[in-house]
Amino acid sequence: MFSRLPQLPRAVSKATSCIITTRHQSLICSDLCRYRDVIYNDASELVGKTPMVRLNKVTKGLPAEIAVKVEYFNPACSIKDRIGWAMLEDAEKPVKVEYFNPACSIKDRIGWAMLEDAEKRGKISPEKTILIEPTSGNLGIGLAFACAVKGYKLVLVMPASMSVERRTIMKAFGAEVVLTDPLRAVKASMERVEELKKAIPGAYVLDQYSNPVNTKVHYETTGAEIWEQTQGKVGAFVFGVGSGGTLTGVGKYLKEKNPKVGIYAVEPAESQVIHGKPHSPHKIQGMGVGFIPEILEMNVFDECLVVKSQDAIDMAKRIGREEGLLAGISGGANVIAAIELAKRPEYKGKLIVTGLASFGERYLSTDLYKNLKEESDKMKETTVEEDLAMLKKKFNF
């Protein structure tokens, strides 16, 4: 029988962390594991406290360990679920395999937090406000999830180059979607947002790129979770820069706990804005937005690593096939960067933490899985003889 989860305070108490080792992989989880057999009061209680998983096969032979925070375990399958909710009240205390959030992304945290923050400050209400937000995708989905729960009207503005799955999921949550010039990346989306804001009565922009709640929610939740889940044994944290909230918030928290923890940014090799180079189009959706966001604190990280788009795509495929974790392209980039760090002598025997920010299912139309989707679309009903001939060729029996 399921029991109803008692109302929990928004500030989640410190978790009792544990490491679970299975036959195939090790899970580093928080005391959220104890709440699997309960009925939650609403979807907001699913945001954050995502599990961590050790990588085994793609890291074979490395002198350091790598663990990923699976942020697509959030309600909208992204780390951005955390942020949108907090930006709408004050940030919750929930966050690694970040697609375990309700909308399957690390952005679930941000969307919820930004929403609640604006509500507490009396800036917005479902009856009077139309929210307009620039996004590269995952924050938009996390915010759309939060707005669906709270009853807000939402307009999301993003580059036309972002995956069609993103548009579809946003619309499924009830949001309106506007597309802008892909060559100018998020900058074009931000300009369109300002134009719409001036013309629409009751419009309000939460703005993940400048909103301090973005950083705050990752400081209070993601950073704290990583410290607790690793029992303070994290040697380095490496993460891609989109809005900069995750890297800044987590980096500040871990540095306060242990100044020796290495903090590393990641950006696309094709768009090395942090390195002072011009923006160029790339395929790592969710990072490399074409400018240095206001909330990114450059003094928090020790170094910025670069990853090529194709390398990120190839690694994301490997993570799915070899580790059983279906991640987006940015997750592949994060793991590539973590592997490069693990090769450095100073990290021998240490634990390097990174994150899978969003679920791979929202990248089926991209170069990550486009060939598989096309192959699946062409499939037809077959006979058992045809099945055996195909399987014999595939598995050599």
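A Cβ is built for glycine as well, from the same backbone N, Cα and C atoms used for every other residue.
Database features (TrEMBL):
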- 95-354: domain 'Tryptophan synthase beta chain-like PALP' (DOMAIN)
- Lys107: N6-(pyridoxal phosphate)lysine (MOD_RES)
- Asn138, Gly242, Ser243, Gly244, Gly245, Thr246, Ser330: pyridoxal 5'-phosphate binding site (BINDING)
Mean predicted confidence [pLDDT] for the domain 'Tryptophan synthase beta chain-like PALP' (95-354): 94
Three-state secondary structure, which DSSP defines for Ser330 (pyridoxal 5'-phosphate binding site): helix
All-chain count of other Cβ atoms within 10 Å of Gly244 (pyridoxal 5'-phosphate binding site): 29
Those binding-site residues listed as Asn138, Ser243, Thr246, Ser330, and which of them has the most Cβ atoms within 10 Å of its own Cβ: Asn138
Cβ atoms near Lys107 (N6-(pyridoxal phosphate)lysine) (within 10 Å, other residues, all chains): 42
For the binding-site residues Gly242, Gly245, the one whose C-beta sees the most other C-beta atoms within 10 angstroms: Gly245
Separation of alpha carbons, Lys107 (N6-(pyridoxal phosphate)lysine) and Gly245 (pyridoxal 5'-phosphate binding site) (Å): 10
Largest separation between Cα atoms (Å) of residues that the record links to pyridoxal 5'-phosphate, namely Asn138, Gly242, Ser243, Gly244, Gly245, Thr246, Ser330: 15
Ser243 (pyridoxal 5'-phosphate binding site) to the residue listed as 'N6-(pyridoxal phosphate)lysine' - Cα separation in whole Å: 10
